[in-house]
Amino acid sequence: MTPAPGSSGGLMETRKRRHIDVCLGEAVEYQTVSTGFERYRLPYNALTQTDLGAIDLSGEFLGTRLRAPVLIGAMTGGAELSATINRNLAQAAQQLGIGMMLGSQRIMLDNDSASESFRVRDVAPDVLLIGNIGLAQLSASMAPALIDALDRVNANALAVHTNPLQEAMQHKGDTDFSGSIARLRDVAGTIGYPVMLKEVGHGIGAAAAAELADCPIAAVDVAGAGGTSWARVEQFVRFGEIRYPALAEWGIPTAQALLEVRRALPGVPLVASGGIRTGMDAAKALALGADVVSVARPLLAPAIESPAAVVDWLELFIDELLICLHGCGAADLTELREGGVTPL
Ligand SMILES: Cc1cc2nc3c(=O)[nH]c(=O)nc-3n(C[C@H](O)[C@H](O)[C@H](O)COP(=O)(O)O)c2cc1C
């Protein structure tokens with residue numbers, strides 16, 4: 001059943017479609033803020049003793065083996081085009097042995113037919129598949145429906161996105177975040193799926209990480225500033241232009257967010273995302289303490305095209321990462337981390 005145009009499912013579906021269109025057609029990346037990775041250099045070693053063909057990028061994240069430390073970022077679901085996008089992304093993830101996050105499954109909670117656009121397990125049987133829901137909407141009473149939504153897509157874990165700035169920019173966004181830490185703690189401790197907290201491109205930093213010290217979360221995706229600015233996306237969706245330029249450029253740069261969260265939560269698995277665009281960005285993020293990296297918007301256009309287009313983009317990215325390890329004499333990710341980075 002397709003949701004009626006005026007229903008909450010219909011509105012959400014329209015909004016998802018607008019997000020895709022704006023992300024494809026407008027200048028949605030930060031204009032003045034960068035990730036900060038350009039302030040670091042990987043230590044190049046002219047006397048590397050590695051064999052490029054033998055470098056091992058594999059590792060484990062949230063209990064699943066990955067051939068490379070890369071996740072496809074959370075993007076979409078619910079809109080008509082989303083099924084194509086998700087299936088193409090999932091096939092690419094399966095082929096490359098990497099992980100994938102689904103977009104927000106909120107639409108699945110009150111619209112049965114939306115489930116179809118999240119169904120990817122048949123084409124991605126071995127992939128680390130991470131479901132998604134917004135912190136602003138999260139509540140203990142929603143847990144049974146959420147568990148059902150995760151069961152139906154056969155997810156391995158749940159990402160909860162916290163996005164106060166995005167919601168504040170959105171027409172009729174959810175702007176009441178009071179009590180959200182307690183609700184996160186409640187749901188994360190009882191839902192029976194590993195829970196990862198993520199931002200959407202404005203960054204989780206020291207203050208937020210400090211709140212997580214006694215929260216039963218399995219991982220954090222810092223989703224910092226320097227790539228897609230969701231305060232820009234929402235302004236284009238709402239006004240067709242940027243009316244709050246300062247808010248559009250607000251966030252914790254990804255490299256800084258990574259360092260702050262790593263310091264506050266030394267043992268928690270970390271995803272570096274937000275503006276990760278090259279294998280070199282990935283190598284620096286991993287050397288700075290990330291366990292894996294994630295890429296979202298650059299994969300949107302390839303995902304509309306075909307699984308092969310997604311694979312092409314990611315193969316270049318992963319090849320560059322491999323060469324980075326080779327060039328600094330690291331045979332695997334442990335050695336890359338041991339080598340660290342040089343601040344410029
Ligand atoms: C089209 C699109 C839709 C997105 N939808 C979601 C979503 O539903 N849930 C979520 O947690 N993040 C969502 N994101 C945010 C990304 O997961 C990511 O955190 C953000 O875009 C920053 O990464 P990037 O600079 O690589 O794009 C979306 C991103 C894009 C491009």
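Each residue's number is its place along the chain shown, starting with 1.
Every residue gets a Cβ built from N, Cα and C, even glycine.
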Given TrEMBL lists Ala74, Met75, Thr76, Ser104, Asn132, Lys198, Gly275, Ile276, Arg277, Ala296, Arg297 for FMN, the same-site residue among Thr48, Thr50, Thr228:
Thr228
Please work out which residue of Thr76, Thr228 has the most C-beta neighbours within 10 angstroms of its C-beta, and give that one of the binding-site residues.
Thr76
Work out the three-state DSSP category of Arg15 (substrate binding site).
helix
Check the DSSP secondary structure of Thr76 (FMN binding site), expressed as helix, strand or coil.
coil
Long-range Cβ environment of Asn132 (FMN binding site), under 8 Å and at least 6 residues apart:
Ala74, Gly77, Met101, Leu102, Gly103, Ser104, Gln105, Leu158, Ala159, Val160, His161
Measuring Cα to Cα, how many angstrom lie between Lys16 (substrate binding site) and Thr76 (FMN binding site)?
7
Across all the protein chains here, work out how many other Cβ atoms are within 10 Å of the Cβ of Arg15 (substrate binding site).
18
For Arg106 (substrate binding site), which residues of its chain lie six or more apart in sequence with Cβ-Cβ distance below 8 Å?
Met12, Ile133, Gly134, Gln137
